[in-house]
Amino acid sequence: MFIKIFQILFLISTIAAGMSPEEKAQLRLQVIDMFKHAFGSYMKYAYPADELMPLSCKGRYRGSETSRGDIDDALGNFSLTLVDSLDTLAVLGMFDEFEHAVRRVIQHVSFDRDVIVSVFETNIRMIGGLLGGHISAKYINSRHPLRLSWYRDELLVLAHDLGLRLLPAFNTTSGLPLPRVNLRYGIDLTLSKSERERFTCTACAGTLILEWATLSRLTGNYLFEQYADRAMSYLWERRHQQSNLMGTILNVHSGDWIVRESGIGAGIDSYYEYLFKAYILLGEKNTDYLSRFQQHYSSIMSYVQQGVAMVNVHMHQPYRLAKNHMDALLAFWPGLQVMTGDLKPAIELHEMLYQVVKKHKFLPEAFTTDYRIHWNSHPLRPEFVESTYFLYKATDDPHYLEVGRTILTNLEKHARVPCGYAALSDVSTGQHEDRMDSFVLAETFKYLYLLFDSTPHRYIDIDQFIFTTEAHLLPLNLLLFNINDTLRKEFDKQTLLSARLYEQKNLSLTERLNERRAKNNQCPAFNGQFQSHQYKEQLRRNIRGDQDMTETITTSSSITNEKRKRESRNRLTAAEFSAGDPQHVAQLTQMGIQTQTMADGIQLVHNSANAASNEDADDGLLFIQEMMELMKNVNGIGQSSSDTRHHLPLSVIPLVISPLTKLVSFTVGSAQFGKQLHGKAGIFAQLYVAQPFSACSQLFYPHHLYSRIGIVRRGDCMFIEKARQLEHVQAIGGIVIDHNASLKSSNGAIFSMTGDGNNNVHIPFVLMFKDEAFQLLHLVSKQPNLIVYIGEEKLLKESFYQQMEILESLIEPFNQTSRKWIYGQIEWFKKKNLCQIVPIQLKQLELTIHQEDNHVETEIMNKQPIIQFEHIIEANENKSAEEITSELLNSLNLTAANFGGQLNNIDSYRPAFDKMIRTALANGGANESFKSNITVKQEQQIEIPVEVTTTTTNQEESQQQTTTTTRTTDTREYTEKRSKRNDIN
């Protein structure tokens with residue numbers, strides 16, 4: 001689905017009959033009173049602490065209270081709530097309080113503290129708060145010159161200082177930031193590898209670009225935007241390539257996914273938000289952000305949306321439900337959909353959330369698809385208010401004013417306490433928690449105020465700004481907020497210092513990202529039907545009821561279901577089926593077939609009652625029958641066809657070079673993707689264990705994997721993803737080590753690796769069971785340069801002779817051998833060529849391969865010769881054919897030859913050579929005894945099945961007029977079928 005961006009055409013509010021202007025104004029004043037109660041309580045009882053404890057009427061300092069775990073990572077003893085509230089004071093028109101608060105921050109807030117803080121929370125609350133305060137101060141002064149006339153960009157200086165203190169978090173191989181950093185000492189590299197520090201969430205790493213790009217463009221320090229953009233790009237690369245979904249938690253060093261659940265709630269939410277808003281803020285040139293968001297959005301609406309619910313699914317198997325509950329953070333999604341122009345699903349999802357609110361008074365932290373409470377707390381989150389505000393702004397529907405009234409009433413009735421507003425630990429009982437997060441002032445009351453404010457807004461023109469995920473104001477036109485030259489020069493100096501520190505190279509200031517581009521406001525295409533409140537009420541009415549959310553038929557979901565139904569009529573066959581393809585799994589579900597991953601494969605269960613229609617049920621029955629026949633073929637019960645060969649196992653054979661050791665063959669499972677080795681020559685290569693071992697992210701030391709077979713472990717991502725990583729570093733194949741000790745090739749286990757529906761891999765890929773893999777790794781530990789063969793065991797010999805040059809380069813990579821095949825070209829002998837001896841190890845390897853085959857099949861003699869060799873016979877010599885044969889074989893030092901893939905002693909072929917020589921002599925006009933007086937040299941061609949690596953004697957051409965003698969330093973055979981040999985002269 002492609003989302004169109006349009007200029008804002010928000011309608012000038014005309015108050016509908018549902019709420020009078022007086023009522024709306026009264027609600028606006030009530031919000032101001034509520035904010036003053038909360039903010040005043042913080043300043044009276046908590047400042048300069050980070051947060052207010054509304055039940056205890058005191059402040060919460062970092063380390064002064066019992067630890068709440070990760071929640072406390074937002075605290076840094078830097079007056080968090082005051083900074084987070086700055087631009088809310090400006091939006092509400094409380095200019096005196098705002099100016100006073102700015103002075104306090106400038107005078108008392110410092111970041112030179114030995115405290116470890118969350119990079120994510122510190123960015124969105126503190127850097128965002130400082131930037132929002134700075135922008136508000138400049139904006140107010142530009143319109144009211146007597147106000148803040150003393151302000152000299154001090155908040156921007158603080159934001160820049162804090163940004164520099166967060167930069168060490170990006171000291172990772174992936175470019176993703178570590179989740180925490182010490183404001184004074186940076187990163188402890190030892191601790192950064194610990195279990196707690198090496199994992200981060202998608203939103204944590206992907207919610208920086210708005211604040212950091214703004215910071216770069218206001219200060220000229222390009223590093224902030226560069227690092228934030230790099231993190232966003234790396235996250236995009238880590239998406240699932242087929243589903244285009246993101247997981248929730250990943251390793252910041254390797255990029256491996258730790259939690260592969262995908263949704264739009266906790267752990268992912270603001271990553272999607274910042275992709276779209278980054279495009280709005282940074283201008284037309286940054287179309288990558290929009291393109292990425294479009295692809296994500298299309299997948300979310302295809303997989304995550306089920307009915308009216310937005311559930312969590314597995315990113316690699318998006319039709320599999322990960323859990324049956326949703327969290328409150330997803331309530332931001334309708335507001336984002338409004339910005340993208342997708343109003344229908346925004347209205348429907350918001351209405352579902354409103355039904356939860358009406359049932360429980362607040363939105364619980366998590367709730368089930370049948371509207372029950374899953375986690376019963378509520379920290380007065382702003383996301384539902386945010387979406388309510390954007391929907392009202394886009395539709396002018398008074399329904400959303402009534403929703404706002406409900407929220408306001410519940411806050412006042414159930415959350416207000418004498419010292420502020422307290423979070424609820426249980427929405428069902430109304431029990432309070434001694435907690436008032438800074439976002440209550442930064443977001444919840446800000447969005448409530450804007451909902452009931454008049455349009456245009458009284459104090460700040462909101463349409464000239466974009467909201468961060470913490471509702472801080474960032475200007476769409478950054479050019480309006482320039483800084484003085486003195487401060488600019490100071491920022492330039494710090495940019496150079498930080499560049500040398502973090503980039504480890506000198507960079508010119510001309511490389512700064514200083515392009516400024518103002519953009520018009522963004523909003524949905526306003527369809528005429530949305531002017532009808534009756535139409536919007538019809539959409540909402542469809543959501544109301546007691547049915548499960550996932551079973552609610554929405555406008556968008558019904559279209560999707562109909563599309564899927566049309567597509568399903570092209571029935572999937574068993575031979576086409578790939579368990580890793582979400583479309584295939586969806587078609588099976590349509591046919592009433594459920595898939596379940598087992599320890600040793602995939603279980604398919606067909607139930608006609610679960611099929612979408614009678615026709616689909618019949619298709620499902622046919623599919624199961626086909627699969628049973630296919631499995632018979634795979635297990636050798638039936639005749640396997642070329643279409644199902646990729647299900648058959650292959651062999652991995654370590655080439656241990658020893659004439660006393662038999663080769664060991666390991667049976668391995670093949671892949672349904674990549675290069676297929678069935679019925680064709682296999683591959684030879686050395687091995688290298690990939691790092692990271694899972695091969696689910698960018699591989700280290702790619703030069704070690706170049707032209708080798710990579711060994712990886714099973715797990716963490718799909719097989720085909722591992723193959724793509726290996727192919728990216730130019731490995732020529734891959735072996736996956738299984739982790740299931742119960743599966744062994746010896747007990748008949750069969751495994752065929754499936755792809756994901758996009759077969760863009762071109763290297764062979766096999767799976768080796770655990771026991772056999774340990775044996776292989778043991779061999780590699782003894783012989784680091786061990787060569788292995790992957791392919792069909794019966795084609796080992798043929799593959800050996802076809803790839804001798806490759807094998808020789810692996811055995812002796814610096815052996816400068818010059819070889820020539822001789823096809824009747826006498827001129828070759830006249831050249832001076834020096835060819836080194838074929839490596840002894842290659843000869844030993846050849847003998848090892850053939851040690852079990854020492855017999856000769858007589859019918860081989862009737863086959864066509866495969867290599868033509870030119871030998872010169874002097875016609876004035878009186879020799880028999882037998883003597884010439886002996887002389888030929890002795891001069892070539894032939895001991896063995898190969899016909900039809902069999903290596904045999906050369907004496908077995910003497911009769912054949914005698915016969916060919918007699919024929920050649922007879923055709924040349926000479927008798928067997930050579931009693932002719934012919935003095936000219938006659939050249940005859942004899943074809944024998946050998947490759948000759950030769951050294952010519954250092955004779956002048958004049959000395960070769962009567963005879964040419966060759967001496968071979970070694971021989972080897974080569975199997976190559978040729979067309980009918982040339983007629984012998």
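Note that Cβ sites are derived from N, Cα and C of the backbone, with glycine treated the same way.
The following features are taken from TrEMBL:
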type     : residues : note
SIGNAL   : 1-18     : signal peptide
ACT_SITE : Glu121   : active site, proton donor
ACT_SITE : Asp269   : active site
ACT_SITE : Glu365   : active site, proton donor
ACT_SITE : Glu383   : active site
BINDING  : Thr469   : Ca(2+) binding site
DOMAIN   : 692-773  : domain 'PA'
REGION   : 948-985  : region 'Disordered'
COMPBIAS : 949-968  : compositional bias 'Low complexity'
COMPBIAS : 969-985  : compositional bias 'Basic and acidic residues'
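Recorded features from TrEMBL, shown on the structure.
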| residue | record | CB count, 10 Å |
| --- | --- | --- |
| Glu121 | active site, proton donor | 24 |
| Asp269 | active site | 25 |
| Glu365 | active site, proton donor | 20 |
| Glu383 | active site | 25 |
| Thr469 | Ca(2+) binding site | 25 |
For this session: Averaged across the domain 'PA' (692-773), what pLDDT does the model get? Just tell me the whole number, please.
Result: 82
For this session: Looking only at C-alpha atoms, tell me how far Glu383 (active site) is from Glu365 (active site, proton donor), rounded to the nearest Å.
Result: 11
For this session: Based on Cα distances to Glu121 (active site, proton donor), point out the closest of the recorded positions Asp269, Glu365, Thr469.
Result: Thr469
Seminar exercise, completed: As a whole number of Å, the Cα atom of Glu365 (active site, proton donor) is distant from the Cα atom of Asp269 (active site) by 14
Exercise. Can you tell me how far the Cα of Asp269 (active site) sits from the Cα of the residue listed as 'Ca(2+) binding site', in Å?
Worked result: 9
